[in-house]
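Feature annotations, courtesy of Swiss-Prot:
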type: BINDING; residues: GLY10, PRO11, ALA12, ALA13, SER14, GLY15, LYS16, SER17, SER18; note: ATP binding site
Amino acid sequence: MKTYKIAVDGPAASGKSSTSDLVARKLGFSHLISGNLYRAVTYGLVRRFGEVRPGDEEQKRFVLELSIEVRNNRVFLDGEDVSESLRKEVVDRHVVSVAREKYIREKVFTIQRSVIDLEKRGIVVDGRDIATRIMPNADLKVFLTASPETRARRRYMEGGSESYEELLESIKKRDHNDRTREHDPLVATCDSIVIENDSMTLEETADEIIRLFRRVESFN
């Protein structure tokens, strides 16, 4: 039986993870949130050292020896489930600099590939370099996007201490960092289908991806 692969890329707050989760549940596929792996590394570094020091050899050794496992989208560091700690503010603050490090990207790549290769039925993987690097052979490649203003409003509606203006500035800065980073920058591939979901609900976005997938599936 063929194992179907759906790649979902996009900038911050574009709805990648929520949409991918809904698509996976509707199709009966597995779902891998790539961002959680970078968050797990970040959390491990902050918990061990109190800060993230890019290029630090001691921290590099720590990361390379760190055991990271994914089970049903729960993330385990050295056997401990740290899933509930991945959205802490301190992780938010440092994850961008962590994701820039080439050796960390290589470690995460290895974990992603091991999860994907073990899947038998189908998998939806979301992130920022899925179609370009992680699953260049995906059956369907989707690039989700929306204006920075729309994405800032979504984040603002989730609650939290930051104002809309602060969130908008943060998203614009993250977009710039993602698109200009040296290793695996955020970009829509020539064969990715771009979905601008400013005026679409989560359900509508998921249904559109499923419609596109059914079209691909019909040719296999």
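Backbone N, Cα and C define each Cβ position, glycine as well.
Counting only same-chain residues at least 6 apart in sequence, those with a Cβ under 8 Å from the Cβ of SER18 (ATP binding site) are LEU202.
Under DSSP, ALA12 (ATP binding site) is assigned to coil, being neither helix nor strand in the three-state scheme. On its own chain, LYS16 (ATP binding site) has VAL8, ASP9, GLY10, ASP126, GLY127, LEU144 as residues at least 6 apart in sequence with a Cβ closer than 8 Å to its own Cβ. SER18 (ATP binding site) falls within a helical segment according to DSSP. When the binding-site residues GLY10, ALA12, SER14 are compared by the number of other CB atoms within 10 angstroms of each CB, ALA12 has the fewest.
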